[in-house]
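Reviewing the structure listed below.
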Amino acid sequence: MAANYQTIRFRRPEKKDAPTPTKPKNRHSGILQDQLRRAQRAPWVPSWSTAFRLILLMRVAGAMYSNIQDCDEVFNFWEPLHYMDRGHGFQTWETSPQYSIRSWAYILLHLAPVKLATFFLGNDKRPSFFAVRIFLAFLASFSEATFYRAVVDKVNYRVGRYLFFMLLFSSGLWSSSTAFLPSTFAMYANTLAFSWSLEPTNNSNFRRTLLSTLAFATGAIVGWPFALAVAIPFVLEELVLRGTDVVPAEQHFSWLVARFGRLLTAGGVAALLFVPVIALDTLYYGKLTIVPWNIIKYNVFPDSSRGPTLYGTEPPTFYISNLLLNFNVLVPLALISLPALAITSRVDRKRLGDKPPVGQSSPYTLLAMRLAPVYVWLGILSKQAHKEERFMYPVYPLLCFNAAVALYLLRGWFEVVFVSITKSPYKASRTNLFSRFTLSVISASMIFSISRTLALWEYYHAPMTITFRFETEELPRLLNATGHITLPSPNNKTSYEDDENTPRIDYGPLKDFGLRLCVGKEWYRFPGHYLVPDGVRVDWIKSEFDGMLPGHFLETKYEGGLMERVRGTRVVPHGLNDLNKEAAEFYVDVSSCDYLVDLDFPAHPRVSAYEPRYSVDEKTWERVTCQKFLDVSHSSLLTRALWMPGQRWQQANEFGEYCLLRHKQNVARKEKENKLR
């Protein structure tokens, strides 16, 4: 009988070569690469849709509540738009056919939201003002969200996330994104152009060249021609850097010719934008007009008696100081971005990704070209004697990008130091020191930005507030007192629904009153005719200012439309000049004013021959409404720049009274004359 057993044989293991250690895969193909936690899930970044909606929420809030920062926005853009819409408004010398340095094509782009608001909401002008701003908010949100996602995809997840929060809460973008200015339009265009140019250049990617060139050209031709200087690094990259092309030495010349030809082709397509712009400007000025060239000629080639310096000069530090107000801790970060990149290439080289094949452009070079526009723009503007805050608008989002890159590189340095001390990349991957560092910087920037935004509202919003009170309180009171309308008693209003059901006030009868609203020394804070109902004429009274003030466009019928406006835009107005010389015919006597806007500082009164304290002349004037307004010269630097809750903070500030005054005798007489019997 066979034995019931089993046998086991042991085999000696075969000799195998040890597996070659593999380097952790890069999480994505961006220029900058994380060195810790590369095998883990990527950090959270919002999608384009989420980013767009969040940015839009902030930009629409800015559209509704931000101040008008610059009188140039009112008199050179809001007023000409109002003229195109309503047939009357203020005119500056810039829109005179004699000088023609403002583009009617750019202004007319904003007429569509005005007409939509009128169509859906009636003939009230105030909704049209905010419709334009909300339209601008959409443009800003689209460009910023597109830029943010391009940074996420082409640079780094974390850099994109830092950029998103910098854009979202920036005080500078709160004001600039919805400003009706060519420099803001150039900002939209440059932001989109930069989004498309983040891809490395190569001869097979004509889409990058065409879209970026079109965007840069749109910002310059339709908006502001000087903004094209932001494209200098892009042009150099297109013509000089190989990007991802590998070019044998014998083919270098043909490669260079192909690059030049491609850029010229894209430039030729972009130049077609001149056709509609020149056509519209020629139509409204009544002669062949190339506004971008007129702007360049006036600013770059002025004669001894003309030029932008007539309107003020500032020291070279002006832009740095202004940027610190609007971007706080992000400014030093943005300015050290290029040096930080150079240091990173030495101490943390792997963060710049894999070395490219021989002949291709390195990530270091590509990133340096993308950081360069802010330096180029700041350098060019700082050398100019005439400086304005709005001139920096075209690079505001790019400044945030530089700051985000610098913050990421600084984080990388801390990681290198931590690993060198602990000798443990694992510990470095587990610690939260690095995330807390970046969170603290972003949080500090957000807090300072919100504080600055609140300061702008609390300290300087009075001009827009009193025009709102004028339209919604004083003029209805006047119409009610004369029997043209019947206002419900305040005690009878019981709910929000009652307000909604209350009929809109018809301001039409005001045209028979002949009301005149006067502005003196506060002319440069006048927010525009869109915030003053039709039927009220706005005029200037003499103040200590002795320069050129806007005149009135030749009035045309509201029903006449755009072709009727040609009669006014082609007329060379009398009195307007480019020498900043005063035109006495633009003033009216203060005794003819029914209402007056004036600023008074009771704690530190300032009186002169042309600027008496109207608000304390109780025999002639009575106060309709007064709002607090910061007295900058008697407030501390910190507390006037930022707003913080609490009485202690505000004790360092002094405030004046920004008032709407009513001429007792004139208004009483007009009430009597226009009373319905």
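Just so you know, the numbers here start at 1 and follow the chain as drawn.
Here the Cβ of each residue, glycine as well, is placed from N, Cα and C on the backbone.
Sequence annotations record features per position, and here TrEMBL assigns region 'Disordered' to 1-30.
TrEMBL lists 104-122 (among others) with the feature transmembrane segment.
TrEMBL lists 128-147 (among others) with the feature transmembrane segment. With a threshold of 8 Å between CB atoms, the same-chain residues lying at least 6 positions outside the transmembrane segment (128-147) that come near it are 48, 51-52, 55-56, 59-60, 62-64, 78, 81, 85, 110, 112-114, 116-118, 163, 167, 173, 177-180, 184, 187-189, 191-192, 194-195, 397, 401, 528, 530-531.
Per TrEMBL, the feature transmembrane segment maps to 159-174 (among others). Long-range Cβ contacts of the transmembrane segment (159-174) within its own chain (Cβ-Cβ under 8 Å, at least 6 residues beyond either end) map to 30, 32, 43-46, 51, 54-55, 58, 62, 66, 140, 144, 147-149, 151-153, 323, 325-328, 330, 396-397, 400-401, 403-405, 407-408, 438, 442, 445-446, 448-450, 452-453, 456.
Residues annotated as transmembrane segment in TrEMBL: 210-236 (among others).
Marked as transmembrane segment by TrEMBL: 256-280 (among others).
The transmembrane segment annotation in TrEMBL covers 323-343 (among others).
Residues or ranges marked as transmembrane segment by TrEMBL: 363-381 (among others).
According to TrEMBL, the transmembrane segment annotation covers 393-414 (among others).
Away from its own ends, the transmembrane segment (434-455) comes close to residues 36, 158, 162, 165-166, 169-171, 174, 325-330, 333, 407-408, 410-411, 414-415, 418, 428, 640-644 of its chain (Cβ-Cβ under 8 Å, at least six residues beyond either end). Among the features that TrEMBL reports, transmembrane segment is placed at 434-455 (among others).
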Could you tell me what the rest of the chain brings near the transmembrane segment (256-280), counting residues at least six beyond its ends with Cβ under 8 Å?
103-106, 108, 203, 206, 209-210, 213-214, 216-218, 221-222, 235, 238-239, 288-292
Which sequence positions outside the transmembrane segment (104-122), separated from its termini by at least 6 residues, show Cβ-Cβ distances below 8 Å to it?
77, 80-81, 84-85, 95, 128, 130-132, 134-135, 180, 182, 185, 222-223, 276-277, 280-281, 283-285, 291, 504, 562, 569
